[in-house]
Every structure is written in structure tokens, then in C-alpha cells.
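Per Swiss-Prot, the feature compositional bias 'Polar residues' maps to 257-276. Marked as compositional bias 'Low complexity' by Swiss-Prot: 751-763. Under the heading compositional bias 'Basic and acidic residues', Swiss-Prot lists 873-887. Look at Swiss-Prot and you will find 6-79 tagged as domain 'HTH OST-type 1', backed by sequence analysis. The domain 'HTH OST-type 2' feature in Swiss-Prot is assigned to 122-197. Summarising the annotation, Swiss-Prot assigns domain 'HTH OST-type 3' to 375-449 and lists sequence analysis as the type of evidence. Annotation comment: Swiss-Prot describes 586-645 as domain 'Tudor'. Sequence annotations record features per position, and here Swiss-Prot assigns region 'Disordered' to 232-306, 739-763, 803-822, 864-891.
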Amino acid sequence: MEQERIMQRVQKDVRSLLIASKNGLSIQELEQDYRMMIGSQIPLRSLGYKSTMELLLDMPNVVQIHTQMDGTVNLSAVVDEATRKIADLVSCQKDRSTARSRNRRRNIRPRCPVDLVRRGRVSPVLPATVKSDLRDLLSLSPLLLSELEKAFFSRFGRSFQYTRYGFYSMLEVLRSISDIVEVKQTRTGSLLVLRKSETGHISASLCVKKSLDCQPAAVPNKTSCVFEKCLNEPQRPEKKPSEPATSLKISPPEFQKFSSQEPQSITSSRSFLHSSSNKEPDVNRNVSLGESKKSIENKTSPAVPSNNVVLNNSLVKNSETFESLFTRMSKPVSHVEADHANASEPNSSDLNWLEKKLEKELKLCLARKGAGGSVSDDLRSDIKHVVNQHSNGLNISLLPTAFKSFTGKDLPFKELGFMSVMELVGSLGDILCLESTDEGKDWKLFGAKKEDLVDEFSAGLRSTNSSLSSWNSTRQSTAPLKPVGTIFSKVDEKLWWGPLELKVCSTEQIDIPPDAVRNQKLHCLPRIKHSLMIGVYVESIESPSQFYVRCCGKDTSEKLEDMMIEMRHCYSNECVSERYIVPDNCISVGQIYALRVPGDVWWYRVIVHSIKNSELLDVFYPDFGNVATVKKSWLRFLKNCYMKVPAQAVPSSLPFVTSTEAQWSTQAIKRFRQLCSCLPLVGLVLQYVQDVLVIFLCDTSSAEDVYLHQLLIAQGLAKMEPEHACKKVSRNTFMHYLTPSQEKPQEESSKSSVPSESSQSEVLCTKETILQVIDEVDPEMPYLEAFPTDTDVWDENWVFSDGAGGSNTTPTIPKVETQKQENKISKEQKQPFKFCMDSGDASVVHRPLEEFYISLIKSSKSQESTDIQQSSHTEEQHLAEKSHRCTAEQLQGGSSSSMLCEKKLYYENKDLTYCQQQSKCSFSPLIGFQKLQIPRSATPAALGPAARLATAGRLLYWASDSH
């Protein structure tokens, strides 16, 4: 009742979806529309179906299935009386060109998890190896259709993915293999049964049967008694302890076929022979004691004849093989007695001949069991005849042409499920031999040397018959026989008895998924602009000079989190996790994989750094920068879709600081880790040195901005480097595992590093010195809003206009109010100050204001009580002369005077004196960066934490209005 209710609901929903579509829907579009309308997938499992096509085939009163010329399936609704009016309205709708193009595009690239192979009118063919696997699986026992995939996976270790071969459903697969598989309907469901034995086996059994039936009625009495006693008579061990009891078990294929195909004839002939067996003398046979019980058990069940004969060292003189028995049974009695009379000495090479024949028979059976078993006997004989016509061998590339010239037909290797002629020839190892040409560019085909096998077989029969005919002879052989042993011969590497596909798969032992990442490198993040402020998380700290940072933003940290969530959802599936297991022969240094440590729920991208032993290896986390030792069994192949996000960890270093000793102390490293733990910091990019990012770090979560490098110096854990410490940065050892970003690196500024004294003096010689005078009145400090540590401290989508913040391409000269201020500024300029940036850059904003993430709210101008008076023309001329005199003094003073600059420009605010305390023994932490001027006419707005960093570095100050 429940299934009927679900079926009625599904039929109603499917009908409504198909009626609403004028041009019909494909199967994928129907599944997508059903999921969008209902909110869940089509309940196939609840209704007992494996695919949507099977469900639609059982709804002929709802769905019409149309097959297009390109092989695609189009679905339309069956209109009834209740829905006829709606269908008429839908058919009257006007088609839109955009809708048609959209539908056509969907048909070309359907949105489905499996990209099915698009085929035309040619029906797909199941590969011969897969067909052989199905025949092998069903030969054990019949299987239900619902249990086929599970049984296939448990036996062969891989899933039965029929969609890879062009099939849309299991129904099409069963139709293509109807020659070997039969479907029977039972109460439990569809039962897959292997069809009866093939024509080759049947013909072999018939030949054996005819050889028995063609004998005269009076002849087989004596010969048949011998054959019957060999099968069913209890064995009596011979009292000769000096002879070893080494035995060999032989199962001739001919007799096995005979016993399995004609059990009734065996039983009837056995009963007839057994009635006359008492008239014959007892035949002594030496067998092992362990095998005598099996012969007795076989005697109790006459319907199942014995398939095995046990031979020992006395086999040459006291036993008889099946081949000799069949040969003797086809002879008259006179010939058999003549063979007994013509007894000869036993030969020690008989056992070697039996071993070789057994080995050849096993190889032939294995070749028949593989993909070559699907080739018919007629095709085998034709191929063999074509190859035998060329005594010097036939090139495998010329086989299709020679076959067509002989038979008038094309070589049907594709119809049999073989991908190439080489694969077909590889499956026919029982009739063909392959040899490489002298050049090694092609293969030559030779027919199997059956003549030699027949001669060897007949010679072995003659020697065996002559030795076995002396059963009742009293002569003893003085020559000792060698015990039977196992001979291991070196097999030629070019010889392959099975199909070529199995030879390729045997080297890897596991199927590597097609979307697994192999021999690829992860991309780095694109380089960040000089003087750009970013939010960072500090990861994997070794010292203040060696650590990793991870950028925060929608394109960096958020994408990484989304990718890790997808990896967790994907690899948590047991089937997916088992399929992507990395074998030991696929693990190599520098390759990227997926990893999950037991006890952790997240999957990470890792790169193998070194292999310690057979179980442990060192891996590098490209997204976090740390190195860990893990087990090989924890690795999984990384899917190719997880390579889009670049490596997030950026090797970094603090500039202009070094350790107080030869190496960084443990206390300094511990303190630096405490400052960086669990806090998003604001970083100001200085430059790149050997792929290492030199960056300033500032903690803006407290009331005052804290520069980490200055704090370490103040606490005595580090010292200021007088030279450029960034030049001494060592190259990161893990960067060769990554490849540069495909995006073009952002343009570096013209002043990517701290300007030297010589460069500053050159700039001062070519540019006019521009003095910026700041009002003596203490400027109003802007309100610095607090922000929580768990939120972003910037907005990447904020766009500013070029004119925001009073940016101007021409330098502005503030007017001088009084002579007192002018003298004061002139006095400060004469004081030497090192590492001062160019005064021309101080008044010019070369970069857009949005790089500093500062938002300024425009407001109406407020009238200032103390307006700056306009200077006269004489004052401007006096200012220009004073500027020219200042420049001349700097040129005469050399390197010390070339660094003169407005000290008040950097130390304007008297409240923030943290950096000023270190100015005697160091320089400004943000030397070389641009300064921003905020016009006094604008009311101060709520500046973000990034603006606070600029304010603490004296890059943001109030400028006087110029009228």
C-alpha cells in the first residue's frame, strides 16, 4: 500500500513537470526539476528501481520516451482528458530564442554527476574482459540482479561501472550479454543464470562419446574391465618400503569434459563392465595410502566418476594414464594383447613428459578461461589459417588486411568487446605466438607449433604404453627413478597468455581514479602590493624571522574553509575513501595528497617532504606551513577540483629586527607566539625577498596599537638591525614544492624598500624641497572604534573615488602664518634625522586611498575660528629662498645632512609616544610608506583599525586648508 501511494504521487508529479514543458525534458532535466519542485530526489529505492529510466519504462500511461538522432532521450507527457486543456495552453506558448539556446546548451553539457558517453546509432559493447569477469562470477552460482554489483565488487575489488562503456541502464547491459547470461524471473526477483556450456566444450564431449559408442559389442569386455578396475577397484599398497611415495595428481581436461557432460552413459557402461569384471585377474596398482580412501568414496557414487588418478614412482611399470587408456579402448583386443606382449623397459623421461604436458594443458585452460573464451571456434580457425600462411610471421598491424582478403569480412574485434587488435591477439595465446621484431616497433604473429606437440604427445604415449604393458612382469628395474618435483622455469617477459588489459592492470594492483592529482604542483598566492594593509593570521612560528601568515578575506581564508568543508563531506564517505587510497608505489616526494589524522574531523592538503620508512613519512601543510610525521595509510589521492584554491601559507619575516644572541632565544619565540595567538593582526607589506614576505605586524585589538617588533625590542628580546635585516632572510625550503601563481604579480611601487641615503640626496637635488607646516593647535584626534577579534577588520569590496581624501597629483604648499612658526620649523629642519623619506612623497599621494582601507564620511565644512591668512608675494619668495638654502646645506653636509626632514611630520601627536621612545636608537617602523593628509575642512569620521595603524605610524595627519 505504501509503494502504491508513493507511485501515484510520483506519477502525478512527473506528469505535471512534463506537461509544463513544451519541448519535453531529458532525464537529467527531469531529475533536476523534480528536485527543485519537491525538494528531494525521485524515490527510486523505495519503489525498487535502480535508475530513473527503469521507473519511466514502467509508467507508459504517463511518459512517452523518444530517442533522438544523436542518441539522447527526450521525455514528453501522455495527455489524458483531465490534462488536455493545460497541454493545449502550453503548446500555444511562444518559443523564445534564449530559451532554445539555453535548452540546446543543457543538452550539450547536462548537469549530472556522471558524464555519460554520448553515442549515435551504434549500440555499445561490453569489453571482453568485463564479459569474462561476469562469466567467471556467474559460473560459481546464479545471482539476483539486485546483488550483482555487491558480488562483483567483493570478488574483483572494483565496482561494476557500466556507464563508462556507454550504457544507460543495467537493462541495456543484460541485452548486450544475452549470449552468455540468461535472466529468469523468480519470486525474489530477476535471477541471472549463466547459459549452458559453449559449443567448443559440447563438441569435445560428443567426440569422446562417439569413440565409446563406435566399439563392437564383444570387444570392450576385456579392455573395459581394465578401465573399470583403474577407476573403482580398491587399491592395495605394495610392500616395498625402499621406494619413495612421491605422487603426482593429473586431471586430463578431455576426461573431465567427458565425465561432466555424459554422466548417464558412464554409469550404464560402468554397470555393464562391472558385471564382467570378476572374470578378469586382479590388477595390482601402487597408490598412496592417503588417496585410497578417495577412490573408495568415488566407488560408492557411480553417477559421479573420478576425475583424478594418483601416480607414484612405480607409475612407469604398474599404472596407466588416461590418454593410453582411451587409445587402447579404441583398438581391437588383439592390438591390446600385442601391446602387453611387446613390453619394454621403463623410461625415466616419462614423468618429465607428463609434467610438461600438464603445464601446457593448464596454460591452455587459463587462456580459454579469460577473454579469449568469447571468441568462436570458426573465428579462431580463420585467424589461425591466416597466420599459418606466413611462415616468416605476420605483422600484427597487417592482420586485419590479411583477414579481410581471406574471408572477405572485417576482423570483428570491436564487436567481441576488444579495444584493439593487440588485445584480441593477446587473448588467443593458445593458438598464436607473439614475437617482437628486430627494430622493436611491431610484433609478429606465429601459429602455435601444434605439430611438435602432437609428435611429443605420440612419442610419450608410445613410451608409456610400452612401459605400462608389463603389469604382470616379474622383472625389476635396476635403474632408480627420480622423485617427482616442481620445476620452476624462467618465463620470457614478452610471453603473455592472458589479455593485454590484465597485464597492464597487474603492475598497478589498484585502479587510480581518473580525477586523482598526479605529478602536479599547487599554485602560490599572487604577490601582495607594497605598502598594502591586510588582515593576517600567524601560523607555524619558528622564530620572529621565520613564520607563516595566512591572509583573511573572501578569496583566501573563506575559500579555504569552503574547500575543507567539501573535502570533509567527500572523503567521509567510506566508498570514496577506500577508492582514493594511495598505494605505496604511488607515494613520492613532492606530490600532493589529502590527509586526515585519526581523531580529527578535517581533511587537509599535504605535500610529501620525506619518506622515513615503510610506514612513516614527513608531510608539509601548504595551507598552514607546519610539518608533521604521519602514516602512509592516512593518505588519500587529492581530487583535481581541490587544486583550484592556491596554497594559503605565505613564508614571512619581521623586518629590521634580529636576535640578541646568535640564535633566537626560547623566551623570545615563546613571547612572539603569545602575541600572535588567536588574534587577527594587521600587516603592512614591505617587500618580498627570495619569496619571503617581509611584513610589519601590529595588534590593534587594545586601546593602543602595538607593533610586535618594537615590543620585542622594548622587552630586550630582540635588537634593532642597523642595516636592512630583510636582506639576510634565508630562502624557504618548501617553496620548490609550489609553482608561482598564474595571475600576474601586482605591480610593486617605485619605492619598494627603504630608500638609501644616496637615493634621497639625488631626489633632493632634482626636486624642490617642499615644507609642510602644521598648525600649532593640537589637532583633534579622530574617534577610533573598537572591533571584536572574531570579525573581519576590513572590507575588500570598498571602492573609493580618485578624489576621496583630498588626493592631488600636484604638491600643495601650506601657507606660513607667522615668522615665529617659520623659525621654529627651520630650526627643526637643521637637526639631523636618519632614515627620513623623501619630502616630495610626503605631500603626494601616489596610490589610491582604498589601499589603506580608510573610510571618510563627507560632511559640510565648518567655519574655523582661526583661519590661516593669505601670505604675500614677498613671503612666498622668502619661503622659496629658504627652501633653496636648505637644499644647498643638505648637499654640502654629505650623508648626515641629506636625511634632514620635518621631524614634526612623524611625531606630531604628543600622546602616542611609544615609537618616539625608541627613536634614539632606531628609526620609524614604517619608513618608506606614503603619508595621507586629511583636510581640516572635513569632520573626522569613525576610522577603522587599519587607519589606526596608519595613525600610529605617522602616516595619517591633519593638513591645513589651502585657500
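Cβ atoms are placed via backbone N, Cα and C, with glycine included.
The average pLDDT computed over the domain 'HTH OST-type 2' (122-197) stands at 84. With DSSP states grouped into helix (H, G, I), strand (E, B) and coil, the domain 'HTH OST-type 2' (122-197) comes out at 36 helix, 12 strand, 28 coil. When DSSP labels each residue, the domain 'Tudor' (586-645) comes out as 8 helix, 25 strand, 27 coil, counted as helix, strand and coil in that order.
Residue counts for the domain 'HTH OST-type 1' (6-79) under DSSP, split into helix (H, G, I), strand (E, B) and coil, are 36 helix, 11 strand, 27 coil. In the domain 'HTH OST-type 3' (375-449), helix, strand and coil residues by DSSP number 31 helix, 12 strand, 32 coil.
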